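First up is the structure itself, then whatever we jot down about it.
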Amino acid sequence: MVWLVAMTSRQRSLCGLAAHGLWFLGLVLLMDATARPANHSFSRERAANRDENEIIPPDHLNGVKLEMDGHLNKDFHQEVFLGKDMDGFDEDSEPRRSRRKLMVIFSKVDVNTDRRISAKEMQHWIMEKTAEHFQEAVKENKLHFRAVDPDGDGHVSWDEYKVKFLASKGHNEREIADAIKNHEELKVDEETQEVLGNLRDRWYQADNPPADLLLTEDEFLSFLHPEHSRGMLKFMVKEIVRDLDQDGDKQLSLPEFISLPVGTVENQQGQDIDDNWVKDRKKEFEELIDSNHDGIVTMEELENYMDPMNEYNALNEAKQMIAIADENQNHHLEPEEILKYSEFFTGSKLMDYARNVHEEF
């Protein structure tokens, strides 16, 4: 069953907000430092690939800390801070306009208008942006479901989906449909057969009782986006543990979690990448995933960690995000700090010398 935590609405005085917004606008207009935009080519490539394979469950899920293949989601913090505004901070954006946008976001997160962001305010914002990603997934799912339900009966069988999937891989749709109808063996390569097997397992899991192998629109959403379905989230966790678990005990040790991926390059540049891989995953394992710090991550711990609507996780993330930029150690995020560490929050470095902000202001 797809579930979503409802977000409480927040109200503020229009006069207070206007004054607050003017203060931020004045602050941003004072800054003329040069900007160095981040490289978003990977994100764009991933989005393009997603458009081409819209009926295939994505490896990347917005607002979820792990990819389906077990890799860390490098865009996670930007996704839960910017929500649908991520595209507004790409390499083509004008720096001053981007700074202004960032300050507008700051004012929205700063509910009590005290010109600083607390962990609680950031937590609520993260939950709001995560819900925003989910609503976007629901919207997109309606289009994807129509693509696999051409007769519009509100249900999709496994065979109907299989035809559409293979057609998206370049096979002749009519020939595939005829072969399935006549119970003939499909002429597909071994890799495609393996993918079909994995998709069938996921299809069965998304089929809510009583199982009929026909997916409704909501069930198809769970099929494509397991992160927002309790049963499918468990299935996703099992899949990740299965791929990383080397001794078959159905849990993960630190060595298993930080093991280097297959095909590791052997030159020095590759070694540097490997070192970063180990460092990042070790930090994530010890500080966030292994909640009882016993050196072992159970499926329950991994599920809690990956649950995008877990409020406790959102609070921990909020504290960590603030700590990254909290130079004055007051446990709050201030305008100068978020601008100086803009690359962490937006993917773009919007100014080089944040100290000039305070001096000029």
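Sequential numbering from 1, following the chain as shown.
Each Cβ is built from the backbone N, Cα and C atoms, and glycine gets one as well.
The following features are taken from Swiss-Prot:
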type	residues	note
SIGNAL	1-35	signal peptide
CARBOHYD	N39	N-linked glycosylation site
MOD_RES	S98	phosphoserine
BINDING	D110, N112, D114, R116, E121	Ca(2+) 1 binding site
DOMAIN	136-171	domain 'EF-hand 2'
BINDING	D149, D151, D153, H155, E160	Ca(2+) 2 binding site
DOMAIN	196-231	domain 'EF-hand 3'
BINDING	D212, E219	Ca(2+) 3 binding site
BINDING	D245, D247, D249, Q251, E256	Ca(2+) 4 binding site
DOMAIN	277-312	domain 'EF-hand 5'
BINDING	D290, N292, D294, E301	Ca(2+) 5 binding site
REGION	308-361	region 'Necessary for intracellular retention in Golgi apparatus lumen'
BINDING	D326, N328, N330, H332, E337	Ca(2+) 6 binding site
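For E219 (Ca(2+) 3 binding site) paired with the residue listed as 'phosphoserine', the C-alpha to C-alpha distance reads 39 Å. Comparing the recorded positions S98, N292 on other C-beta atoms within 10 angstroms of each C-beta gives the minimum for N292.
Sequence-distant contacts (6 or more apart, same chain, Cβ under 8 Å) of N330 (Ca(2+) 6 binding site) comprise R116. Taking the Cα of D247 (Ca(2+) 4 binding site) as the reference point, the closest of the binding-site residues E160, D212, N292 is N292. N292 (Ca(2+) 5 binding site) is 14 Å away from Q251 (Ca(2+) 4 binding site) when you measure Cα to Cα. Counting only same-chain residues at least 6 apart in sequence, those with a Cβ under 8 Å from the Cβ of D290 (Ca(2+) 5 binding site) are L254, I296, V297, E301. Within 10 Å of the C-beta of D294 (Ca(2+) 5 binding site) there are 9 other C-beta atoms, taking all protein chains into account. Note: the Cα of D149 (Ca(2+) 2 binding site) and the Cα of D212 (Ca(2+) 3 binding site) are spaced 16 Å from each other. Spatially, by CA atoms, the recorded positions S98, N112, H155, E256, E337 include one closest to N292 (Ca(2+) 5 binding site), and that is E256. Each residue contributes its Cα atom, and for E160 (Ca(2+) 2 binding site) and D212 (Ca(2+) 3 binding site) these two points are 14 Å apart.
Residue environment of D110 (Ca(2+) 1 binding site) contains 23 other Cβ atoms, counted within 10 Å of its Cβ in all protein chains.
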